[in-house]
Amino acid sequence: MTIQAMYPGTFDPLTYGHLDIIIRAHKIFDKIFLAVAENSQKHPLFSLEERVIFAKQATAMLDYVTVFGFNDLTINVMKKKQVNILIRGLRNRSDFEYEIQLAKINNYFSNEVETVFMISTDIWACLSSKLVKEIAQYGGRIDHFIPNFIVEKVIEKLRNTEKKNKNISFL
């Protein structure tokens, strides 16, 4: 029997911390659906399409990973994919408090869904996509945190965003 799990997230951009969770999760699960979310509560730097492309490129060598984008409740996507296990990475206590709320609400909608929490490896415990973008915005090196092919895309996108914002006048 194949054991499948879904790892949803915004992945804006996908980091080595995310990849570490995927690789470690494969010790438990045969197949992992990497579900790239269009999150209405966030304002991602990259479009859903771009983030899906990055995720596919970053996981191309991992034959057990299937990447797709979605714009729906995670629980609905899980039902469509017939997946009952949700993977979530935890870096710290605040992640846990947030993720426990999501796990409980997912169980409310479907008592067949189980959430598996994976503790971040120490080296990635302080890493977030938001932090990567902030470091890049101020000219810091981000090549230790994200795949090399994404580094230039982040820098380019931030430059373009900065140029657009300079055209805005404040009173």
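Note that Cβ sites are derived from N, Cα and C of the backbone, with glycine treated the same way.
Values in this document were obtained by computation on a predicted structure and should not be read as measured data.
Residues annotated as substrate binding site in Swiss-Prot: Thr10, Lys42, Thr74, Arg88. Sequence annotations record features per position, and here Swiss-Prot assigns ATP binding site to Thr10, Phe11, His18, Gly89, Leu90, Arg91, Glu99, Trp124, Ala125, Cys126, Leu127, Ser128, Ser129, Lys130. What Swiss-Prot records for His18 is site 'Transition state stabilizer', and it gives sequence analysis as the kind of evidence.
Candidate binding-site residues: His18, Ala125, Leu127. Nearest to Arg88 (substrate binding site) by Cα distance: His18. Between the C-alpha atoms of Lys42 (substrate binding site) and Leu127 (ATP binding site), the distance comes to 18 Å. Arg88 (substrate binding site) carries a strand DSSP state (E or B). Counting other CB atoms no more than 10 Å from each candidate's CB, the binding-site residues His18, Lys42, Arg88 peak at His18. The two recorded residues, Ala125 (ATP binding site) and Thr10 (substrate binding site), have Cα atoms 18 Å apart. The Cβ of Leu127 (ATP binding site) lies under 8 Å from the Cβ of Thr15, Tyr16, Gly17, Arg91, Ser120, Phe145, each of these being in the same chain and 6 or more residues away along the sequence.
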